[in-house]
Amino acid sequence: EFGGSAVRSLPVEARLTLCNLAVEFSAFSGIVAPDDTVFEYLAGRPYAPAGAQWEPALWHWRSLYSDADAVFDRELSVDCRQLAPMVTWGTSPQHGVAVDGAVPNPAMAIDADTRQAMERALSYMDLRPGQRMADIAIDAAFIGSCTNSRLSDLRSAAGVLAGRKVAPGVTAICVPVSSAVKRAAEAEGLDRVFREAGFEWRESGCSMCFYAGGESFGHRQRVISSTNRNFESRQGPQTRTHLAGPATVAASAVLGRIADPRRPPGA
């Protein structure tokens, strides 16, 4: 279960991303207690209770939270006040650092197995310890998947791309998470922002999140991607994937290397 002020401040779509990655904690599922943010999100949506059914549903949903005296196997507290946008350097979602940070040194690993895994990841990704993330050039940028291509994600990326162009030599692709999201984005004109910046605007689907339908990036290409996994060859044969949020992917596409979305190129 994810809770606390940082989680409560997140919109529903960001909470979905958080729960999507719960398996990386070796969990079968991830939950966030429903609150007014969730109820407002559900109101009026297709398949949501409506009319006389709404209040009983709301009453039931308000009961779905952990009791104040609940006992958990383990509780972890994370101070998110100084949390920066993150990006991965290796071949697992856990291989993450701040976008303005550097590739870690395997010599600092907590045990031999972790050190070997880090060394293998660095070899595959063709990176070296201490290398600044901001110095890593990319070949492609991908915004898509069930994790980070909902409407709020597309708005975030479009905010970075507006008035800017994708760097020469960078392949940039956007795949909305669903047909409904694609239609909503087009109604807002977001598709024009992506196209004018140099992104391909494609039909919804899994696409190159996991090499679907044989579609992939090129051999050994380095891709910054808003997807949820960065395993070896996940996006193509020997493709090297850096996971990041949509705004980071957009900023990186413009700069041609991993970029901090808090300081957009040309801003």
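Positions of Cβ are set from backbone N, Cα and C atoms, glycine also.
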Site co-member for [4Fe-4S] cluster according to Swiss-Prot, given CYS206, CYS209, out of CYS80, CYS146: CYS146
Residue among the binding-site residues CYS146, CYS206, CYS209 whose Cβ has the most other Cβ atoms within 10 Å: CYS209
Three-state secondary structure, CYS146 ([4Fe-4S] cluster binding site) (per DSSP): helix
